[in-house]
Each structure stands twice: as structure tokens, then as C-alpha cells.
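These features come from Swiss-Prot:
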type	residues	note
BINDING	S10, F11, H18, G89, L90, R91, E99, Y124, S125, F126, L127, S128, S129, S130	ATP binding site
BINDING	S10, K42, L74, R88	substrate binding site
SITE	H18	site 'Transition state stabilizer'
Amino acid sequence: MTSIAISSGSFDPITLGHLDIIKRGAKVFDEVYVVVLNNSSKKPFFSVEERLELIREATKDIPNVKVDSHSGLLVEYAKMRNANAILRGLRAVSDFEYEMQITSMNRKLDENIETFFIMTNNQYSFLSSSIVKEVARYGGSVVDLVPPIVERALKEKFQTPLK
């Protein structure tokens with residue numbers, strides 16, 4: 001049986017922390033779908049299409065990764081893809097409480113889909129898309145925080161020269 005995992009998020013933008021979780025998941029599962037969730041309660045910086053393109057470029061060297069978007073419940077998407085796992089990254093203990101609530105709800109919706117938590121590498125434990133955007137907004141270097149394609153996209157959006 002093929003093991004299929006879903007790694008979801010807003011990825012606005014994808015960071016090296018996200019990429020670390022995706023790469024590590026891709027070593028464990030036969031296929032990993034990286035899914036941009038279109039959350040109507042968030043005002044995204046990058047459009048869904050831009051985020052999909054950035055993720056495709058950032059993951060192009062990982063053959064068992066596929067990139068997609070979804071606007072509904074994650075469990076419904078997982079069922080549609082015959083996925084048996086949801087892959088989540090944890091930066092700190094504070095992430096766990098929120099993730100536990102989401103996992104409990106997902107299990108209530110479909111008890112056959114398991115959630116796997118991966119602790120982020122220490123170097124990314126502080127990292128979030130919000131922090132990346134804030135640093136980039138004021139012209140700070142994000143070279144150690146995001147893939148090169150994302151750095152270029154941020155510079156373009158904020159119209160700041162590359163450092």
C-alpha cells in the first residue's frame with residue numbers, strides 16, 4: 001500500500017522551516033502533497049497561484065512531492081487523495097496545543113487518517129512566514145530563512161534591492 005501524506009498550510013510564503021518538514025516527510029512517505037489551504041479569514045500577502053509556484057520551485061528536486069491547493073476541510077482533501085496521514089511541523093510546545101485541537105477534530109471527521117508531528121530543527125524553531133515578511137518589509141536579509149525563489153519574490157513585492 002502506498003503511504004500518502006498531506007502537508008498543509010497557508011505557506012505565505014514557504015520558509016526553510018516548512019521545507020525542512022516537507023523534505024523529512026518525503027523520506028518517510030511514498031508521496032507528500034503540499035497543500036496551500038485557502039483560508040478566507042486570512043488576507044494573504046501572496047496569491048494562491050503565487051504560493052503554488054513558489055512551492056513548486058522550492059520542492060522541484062523532491063520527486064515524491066506534489067503541490068496543490070484546497071479551499072475546504074483538510075480531511076476531505078486527504079480522502080480525495082487517498083492519503084492516510086497528515087504531516088504537521090511543531091516549532092515549540094505552544095504549537096502543540098493548537099495542533100492537538102486540530103488533530104482531535106480531524107480524527108472526529110475521519111478516524112482512519114493519522115496525524116504525524118515532526119519537530120522542526122532548532123535553527124527554524126523561531127521561524128514563521130509572518131516574521132519573514134516583517135524582516136523583508138524593512139529590507140532585512142531573509143537569505144537564511146527562505147528558499148532563493150522566495151527571497152526574490154519578497155524583494156520584488158517590497159521593491160527592495162537584493163542584499
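We count from 1, first residue shown onward.
Yeah, the Cβs are placed from backbone N, Cα and C, and that goes for glycine too.
Mapped onto this structure are the features recorded in Swiss-Prot.
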residue: S10; record: ATP binding site; Cβ contacts under 8 Å, 6 or more apart: V36, L37, N39, K42, P44, R51, S129
residue: H18; record: ATP binding site; Cβ contacts under 8 Å, 6 or more apart: S7, G9, F11, G89
residue: L74; record: substrate binding site; Cβ contacts under 8 Å, 6 or more apart: I6, S8, V35, L37, I86, N106
residue: R88; record: substrate binding site; Cβ contacts under 8 Å, 6 or more apart: S7, I21, E99, I102, T103, T115, F116, F117, I118
residue: L90; record: ATP binding site; Cβ contacts under 8 Å, 6 or more apart: F96, E99, F117, I118, M119, T120
residue: S125; record: ATP binding site; Cβ contacts under 8 Å, 6 or more apart: R91, A92
residue: L127; record: ATP binding site; Cβ contacts under 8 Å, 6 or more apart: T15, L16, G17, R91, T120, L145
Greatest C-beta neighbour count within 10 angstroms, which of the binding-site residues K42, E99, S129: S129
Per DSSP, three-state class assigned to L74 (substrate binding site): helix
